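Asks: Just passing along the structure, written as structure tokens.
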């Protein structure tokens, strides 16, 4: 007895929640998760409008920013809720894939077979999707895919029922997908080919050119809105955003550019069918994938050129991978190649497989595919459960990642973080030193690791030894990194209570110099207030009065030191 559609949907939900349920307890990942929780949690400074307008961050993804903002408002960025949301988004995407497959499989024999259910299970349990679902910061791909699939569902409904109103809803959902992640632009060629496939056949019910034009109007409007929003983002932050990185791509070695691009394409397409080994950070791809990438591209282009009902999804796979390939050349992500970028292509792949079964119009072949899926899905489920367990623990995940990519220095920073939590400071220092050597060409990551290495070396040291180590590392205070100056200021302040005589004056003058540099950089009036205290120690009352006065004027209302600064400035004026 065949299950009803409602029962099949319930079964899909049950499977996804059952397999990904442990991910709720995954905690905070070492990469980006903590920064997101801090940025949208209790330390949030940006208003809702600032989050939604172009130029707020490197990427213009207001829908994702809005979701994190609501997480902060509703449950204080509790990580278990953040993980649950990712799982629920993935669950919704699985259901949408099923509904689209049901609508695509237009022959009764195919629609009533188990093919839509089995292909949906393949998407639900594909091991390549574990990164996007388990990683809090990976929400961008499932969220963009959710809006793309919703848009696609209403697009198909509008085309099949000849109702232009659905096109407006579909186009709006596409725009929301684009505002979740730029990869949503891959839907445009899918839409174009779907329109062509639907209206080219000369069927008796093919609408008039006027109706076709009306169906295209909402897509034209959304393309204009998309262009305006992206240009606004580019103009707001013309030097520090993802669009500017792409625009700055000017290959001098076109042969090398093409070779790398085909290799990355071949690697990603291979991962769709053979996902192992799975890795959180992929630092390099063998050029041998070039020999798979070139014929695979030709095959995809051939499939698209056939303009059959599976052609749109082949285009979706190809165009969804293009941003990931450009990201490698632009070097705008912390890992050059990532499995999360395959989340949307996986959805297009299973939709294309379903559409292809309709094209071959053979129930026997559809049943053969179902039989193959019965073998593949348990294997996929086992690998997904296994990978979810790796994602449960940062220590296990980092070790696994370094084993897969030993030359990826950035992950040594994460491993050191876990070692510090375990109290193994010496091994943490060794890992950071190794990471600094591996990342010698990456100034940003090397600076971060040098900072963390210094913090590790300070563990267990006396205040005097810590100060000596910091002074050696910093050198000229005026040229030092802000984070190091803040550490030195904290150590110097602690030293004040146990210091007397000439050394006390030396510490006070050092703190005055540090505070002055920090004030010039960040404009924090607390540095002025603290300088006033230091000037009192070295008995320079006029400078102390001026520092307190400026601190009082510049301190924001409610600052705990504002009233004290005003009283001290007034008292010193009278003297």
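These residue numbers are counts, starting from 1, taken along the chain as shown.
Any Cβ shown, glycine's included, is placed from N, Cα and C.
Relevant sequence annotations retrieved from TrEMBL are reproduced here:
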type     : residues : note
TRANSMEM : 9-31     : transmembrane segment
TRANSMEM : 87-105   : transmembrane segment
TRANSMEM : 117-137  : transmembrane segment
TRANSMEM : 143-159  : transmembrane segment
TRANSMEM : 171-196  : transmembrane segment
TRANSMEM : 216-236  : transmembrane segment
TRANSMEM : 252-269  : transmembrane segment
TRANSMEM : 289-305  : transmembrane segment
TRANSMEM : 312-330  : transmembrane segment
TRANSMEM : 342-361  : transmembrane segment
TRANSMEM : 368-385  : transmembrane segment
Asks: Would the transmembrane segment (312-330) and the transmembrane segment (368-385) count as touching if the test is at least 3 Cβ pairs under 8 Å, pairs 6 or more apart?
Replies: no
Asks: Pairs of Cβ atoms less than 8 Å apart decide it: which stretch in 9-31, 87-105, 143-159, 252-269, 289-305 has the most with the transmembrane segment (117-137)?
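Replies: Answer, by Cβ pair count: 9-31.
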Asks: Need a quick answer: max count of Cβ pairs under 8 Å to the transmembrane segment (368-385), which of 9-31, 143-159, 171-196, 252-269, 289-305 is it?
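Replies: Result: 9-31.
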Asks: Which of 143-159, 289-305, 342-361 has the most Cβ pairs closer than 8 Å to the transmembrane segment (87-105)?
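Replies: It is 143-159, which has the most Cβ pairs under 8 Å.
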Asks: Please give the sequence-distant neighbours of the transmembrane segment (171-196): residues at least 6 beyond its ends with Cβ less than 8 Å from one of its Cβ atoms.
Replies: 59-64, 140-141, 143-148, 150-152, 154-156, 159, 212, 215-216, 218-219, 221-223, 225-226, 229, 242, 304, 307, 311-313, 315-316, 319-320, 322-324, 341, 344, 348
